[in-house]
Amino acid sequence: MADNDSLDQFLAAAIDAAKKAGQIIRKGFYETKHVEHKGQVDLVTETDKGCEELVFNHLKQLFPNHKFIGEETTAAFGVTELTDEPTWIVDPLDGTTNFVHGFPFVCVSIGLTIGKVPVVGVVYNPIMEELFTGVQGKGAFLNGKRIKVSAQSELLTALLVTEAGTKRDKATLDDTTNRINSLLTKVRSLRMSGSCALDLCGVACGRVDIFYELGFGGPWDIAAGIVIVKEAGGLIFDPSGKDLDITSQRIAASNASLKELFAEALRLTGA
């Protein structure tokens, strides 16, 4: 495991890369977009590709021996295996559909894993000027101010956030809507922001109490947010209530009081 000085160095590099990528996102947000389809509703823009190239080039110059996993390179060349080596896991533009529509929940997400464990996380929304950071053992912050998860202890008064994903086959849609219908009877209300990384940050700073998603894109959606939630005092787990597998495309997050209550509610939906 890296020492504290190394973690601070990694964090500083990730923040620098995120802010540079943020400039590209901010510029592109207000311009006409060139949009390509990765699936029926899954989109990619030149901004996604440009940001990933910028972030990787910046970090590779500083840490040439580290490994790299990114959403767009993975989409083009296939899944890169996560090893124990220091690995930067990057979503250059989480919330691409939001970006295309001019909805300001967009961000760059940069996480670093060592021994397959996320230890540094940076999530930056350049439209709303919010920089979320977390380092293992050092706390989580929003624009430099320490954040923590909510103290909510009852499901019925909890605010839940989730996402509908990009699959539109009938079986998946039926499962998704049936699950949401069931959960809406157990929580105060439900939100969808369109960004997995920002949903995790929402749990970390107490804006929402619970997050879950089944079938998101890959580890780049969650690597940074995992650190930020944990360092804010929250729990990250598989929606079944078991330990998270970062490569499983299943995740849930909450405070300690709500974890078992929510996991049981999800189990009753068949998740």
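Cβ from N, Cα, C; glycine included.
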Which of Asp209, Asp221, Asp238 belongs with Asp91, Asp94 in the Mg(2+) 2 site listed by Swiss-Prot: Asp221
Additional site residue, Glu53, Glu71, Glu129, Glu130 [criterion: listed by Swiss-Prot with Asp91, Leu93 for Mg(2+) 1]: Glu71
Pairwise Cα distance maximum in Å, substrate-binding residues per record: Glu71, Leu93, Asp94, Gly95, Thr96, Gly194, Ser195, Cys196, Glu213, Asp221: 18
Listed binding-site residues (Asp91, Asp221), ranked by Cβ neighbours within 10 Å, top entry: Asp91
Thr96 (substrate binding site) - helix vs strand vs coil (DSSP): helix
Packing count at Glu71 (substrate binding site) (other Cβ atoms within 10 Å of its Cβ): 25
Three-state secondary structure, Asp221 (Mg(2+) 2 binding site) (per DSSP): helix
For Leu93 (Mg(2+) 1 binding site): intrachain residues, at least 6 apart, with Cβ closer than 8 Å: Ile25, Thr45, Thr47, Asp48, Cys51, Phe99, Val106, Cys107, Val108
